[in-house]
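Asks: Following this message is one structure expressed as structure tokens.
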Amino acid sequence: MVLLYSQASWDKRSKADALVLPFWMKNSKAQEAAVVDEDYKLVYQNALSNFSGKKGETAFLFGNDHTKEQKIVLLGLGKSEEVSGTTVLEAYAQATTVLRKAKCKTVNILLPTISQLRFSVEEFLTNLAAGVLSLNYNYPTYHKVDTSLPFLEKVTVMGIVSKVGDKIFRKEESLFEGVYLTRDLVNTNADEVTPEKLAAVAKDLAGEFASLDVKILDRKAILKEKMGLLAAVAKGAAVEPRFIVLDYQGKPKSKDRTVLIGKGVTFDSGGLDLKPGKAMITMKEDMAGAATVLGIFSALASLELPINVTGIIPATENAIGSAAYKMGDVYVGMTGLSVEIGSTDAEGRLILADAISYALKYCNPTRIIDFATLTGAMVVSLGESVAGFFANNDVLARDLAEASSETGEALWRMPLVEKYDQALHSDIADMKNIGSNRAGSITAALFLQRFLEDNPVAWAHLDIAGTAYHEKEELPYPKYATGFGVRCLIHYMEKFLSK
């Protein structure tokens, strides 16, 4: 996929379907953010009476016989002194939506004068590219006649030398191949994206990139490893579970290793603690954590980062049936810790627990980061724009927060309240899998933390229940699967671990 190109000269630009022109907002009025020919000013000067240049505002105009592009989009970037990376990201995502609805395929984008901004040309271009790439996406549909919007096919960014721009654009395109993989997996029918399908995708990645190795455990191997919690959740499903291990060796001589774990519940009915229909209808997205890990590995291998990373995906359906695991029963995890089942709809933490135990036994991790659409309580707490995360290590938490801020993928650190751990008490087992009806996200994280046992490994848990899937478009993401987390984690690993 090569979509974005850079061109230093305005005069030498190629003909295109559309031109995007940037504007600041000053005193509630639009102010030109770049110098253009008088022919273009004649096109847009009358439109400025109804266009203020505020963040993300657009105006769609038609050119004339003297303009090289016949469609012109005015794009507001807000006050120049307040522009941030997120402003740029969301503005160019909005412009991409407008351009695609106008059925444009080739686009010229004129950069604003960046020297007066608080951040670098590189940061501006990175966020511009991310905005365009994020909304140049179609989720899978099943119409008899395809009604999807056409893609942008060539976007030329003017005002930057190719040596600088093209390097940034190639990197972002590689990164978004991972984002698109994550989105496609989450958006596709649950009957298609089974545990076996996730395993097949992991195998395909290992076949594509020599730096990746893959190991797949079937039900028999899962039982042999004594992963009783994953096996319990899988009991009621007609589809077979899989335990997927991906390994990336980007720095073989280093002992530093990051383990990424993704919850892979390919459909969650709630089990015998059956979800109501309205809550179940989107549950094909309950494997978004697994899809995020696969997307990260796609980008990681493509970018050839000099780090060592292991990805672990416990994958199963949580189905209702006569063989399904039961509330009130006790099941034993990989290390011998026993769990009384208070709800079969709290299954994600069970399979993550066995994955954490596996990582500690076999991977010698420096840090563990897990991704899971784990609790509705997190959606109540932070909504759909911010993912909550928990961490037992302040350095890891600080670095994740910084990567979040710099990519626009919002994370907010939540507290591991030690007092709440007592809510997991069981009279007949080492713990229950649910607490009381309060602080549900915190008690879920505390449950996972118990499976670290006495290991001092740095650990973070990202609850992406609200951010992984949106039922309406919310910039800079399209409708449905967002691919949230891929960009943030790649940036985190590149900035803080690739040394």
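Just so you know, glycine gets a Cβ as well, placed from its N, Cα and C.
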Asks: Lys263, Asp268, Asp286 bind Mn(2+) 2 in Swiss-Prot, but which of Glu192, Glu196, Glu208, Glu347 does that record place at the same site?
Replies: Glu347
Asks: Give me the sequence-ordered set of same-chain residues, not including Lys263, Asp268, Asp286, Glu347, with a C-beta within 8 angstroms of the centroid of the Mn(2+) 2 site's C-beta atoms.
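Replies: My list of surrounding residues reads Gly264, Val265, Met283, Met287, Asn318, Gly348, Ile351, Ala372, Thr373.
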Asks: Checking the binding-site residues Lys263, Asp268, Asp345, which are within 10 Å of Lys275 (active site) at the Cα level?
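Replies: Qualifying among Lys263, Asp268, Asp345: Asp268, Asp345.
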Asks: Can you tell which of Lys263, Lys275, Arg349 has the least company, meaning the fewest other C-beta atoms within 10 angstroms of its C-beta, among these recorded positions?
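Replies: Selected from the recorded positions Lys263, Lys275, Arg349 on minimum Cβ neighbours within 10 Å: Lys275.
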Asks: Give me the CA-CA distance between Asp268 (Mn(2+) 2 binding site) and Asp345 (Mn(2+) 1 binding site), in Å, as a whole number.
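Replies: Counting only the Cα atoms, the answer is 8 Å.
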Asks: Work out how many Å separate Lys263 (Mn(2+) 2 binding site) and Arg349 (active site) at their Cα atoms, rounded off.
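Replies: The Cα atom of Lys263 (Mn(2+) 2 binding site) is 8 Å away from the Cα atom of Arg349 (active site).
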Asks: How would DSSP class Lys263 (Mn(2+) 2 binding site) in three states?
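Replies: For Lys263 (Mn(2+) 2 binding site) - judged by DSSP and reduced to three states - the answer is coil.
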